[in-house]
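What TrEMBL lists as transmembrane segment is 41-67, 87-104, 116-135, 156-179, 191-210, 248-268, 274-301, 313-332, 352-376, 397-418, 438-458.
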Amino acid sequence: MANAPMTAAPARLPIGVKMSHGIGSMANGSLLYLRSLILLFYSQVVGLDAGLVGLVMGASIIVDAMWDPAIGHFSDNLSSKLGRRHLLMFAAPVPAAILIAMFWNPPVGWSDAATLGWFAVTLLLLNLTFSFFEVPATALTPELAPGYHERTNLVAWRWVLGTLGALASTVMGLGYFLAPTEGTVGQLIRSGYGHLGIAVAIVCVIAMFINACGTRRYIGHLYQPEDRHVPMLASLHEAWATLRNGNMAVAVAAGALAGIGFGIRTVLEAYIATYIWALPAAAFMWLALASFISAPFGALIAGITGRRFGKKIACMTLFFIGTAIVNLPLLLRMLDLFLPNGSPMLLPVLVLFAFFGGLLNYGGFILVSSMIADIVEEAQERTGRRSEGLITAADQLIQKVITAIGTALGGAILTMIAFPRQAIPGQVSQVTLDALGWWFLGLASILSFASIATWKFYSIDQTAHEGRLATFGMNKVKATPL
């Protein structure tokens with residue numbers, strides 16, 4: 001079969017299509033909250049060594065990241081009745097949901113070595129299986145919305161609804177499954193994590209099928225590659241030719257720096273909230289709510305600033321201010337200039353910082369996702385192939401590999417400062433807490449600001465992008481309001 005070009009999509013994507021595509025990201029959002037609890041659960045609740053848990057987490061992410069580009073490249077060249085993306089999107093949900101439930105319900109009574117093996121195997125299989133959905137689903141965005149601003153619009157839907165998924169899992173966790181009982185810290189209740197894992201698995205499988213079913217009718221509008229056999233070496237050469245791109249290098253470098261910081265933040269934020277701020281589970285929920293509720297406002301800010309200043313300047317500005325706001329409370333606490341634990345104003349002030357910092361950072365993430373999607377047409381101009389899956393997966397590869405390094409660093413920091421296992425809030429020495437705060441603040445902040453500066457070298461603007469769309473005959477989609 002010869003290459004079938006993308007046919008003209010409707011001038012306006014129906015709201016139902018935007019919603020269904022966005023709902024698919026609720027699965028990843030739901031898992032995002034659970035991932036932030038992995039080290040806390042398997043070290044402080046199950047009782048494994050934090051350094052080993054962090055090492056296994058890092059190794060599993062690296063293996064998963066190497067798998068993503070293979071899935072992306074395979075999907076880009078897949079010829080089937082369900083097109084390039086949907087065959088994989090329909091195959092992944094059920095096994096992924098089963099593995100989520102298994103991962104959060106490790107066997108009781110096993111030795112540390114056996115439990116560590118269970119942890120490693122189920123985590124690896126879960127990551128690999130989920131990639132079969134997430135990679136092709138993410139690749140659909142630039143196909144469904146080729147327009148410069150329409151693309152940002154669709155990305156915003158995925159970010160907002162993905163955040164709703166994270167909110168759902170957070171509320172289920174902190175508001176119900178991990179709610180404290182008399183004499184017990186909610187975040188340290190083992191059975192609660194198992195029930196939460198099952199609930200999130202149900203959310204994920206429903207969201208994934210909605211995404212696949214809701215966008216299925218657009219298969220006829222999507223690019224269909226020729227049915228051909230490509231030898232392995234030739235396939236690798238094609239992939240390298242696609243990724244050998246200056247703007248892709250910028251995205252990779254910026255993502256690498258941000259990924260290390262994100263990995264450290266993912267591992268240590270739960271520790272900081274539990275042991276430095278001494279917050280109960282209910283307070284965790286309010287902080288999460290503040291951050292998540294800011295997502296729709298972040299989407300609006302992304303659209304407004306992206307149109308006014310261009311995506312690059314807008315995202316750099318939003319990230320810079322947002323990062324400063326998010327880190328300010330901890331910096332002030334480390335300098336003894338912030339409200340003490342127990343103050344009635346502590347939680348409201350932290351909630352305020354979480355809201356405004358989240359608003360700006362969500363806007364930045366939406367714009368960056370749209371900027372990476374814009375590389376697709378630049379690569380197509382040079383290679384003659386559309387490689388959405390490979391490009392988005394390659395970006396995720398770098399972020400996952402580097403996030404793995406950050407995750408391992410987070411576990412290593414806990415080991416280095418001799419953070420006690422199965423520690424009780426209020427019983428950790430101040431010296432240890434100070435070390436935790438300064439290491440987190442220094443590394444995460446420096447890496448975040450360095451990542452922001454790297455985007456200065458990105459060069460695709462609206463004029464260049466729309467010129468490529470005109471060349472490919474894909475400039476018929478107009479931006480629509482969110």
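A Cβ is built for glycine as well, from the same backbone N, Cα and C atoms used for every other residue.
Highest Cβ contact count with the transmembrane segment (41-67) among the listed stretches 87-104, 191-210, 274-301, 397-418, 438-458 falls to 397-418 (criterion: pairs under 8 Å). The stretches the transmembrane segment (397-418) and the transmembrane segment (116-135) are not in mutual contact, being linked by fewer than three Cβ pairs under 8 Å (pairs 6 or more apart in sequence). Here the transmembrane segment (438-458) has long-range neighbours at 246-247, 250-251, 253-258, 260-261, 264-265, 268, 272, 312, 315-316, 319-320, 323, 327, 330-331, 334, 368, 371, 409, 413, 417, meaning same-chain residues at least 6 beyond its ends whose C-beta is under 8 angstroms from one of its own.
At the 8 Å Cβ threshold, with sequence separation of at least 6, the transmembrane segment (191-210) comes into contact with the transmembrane segment (87-104) through 3 or more pairs.
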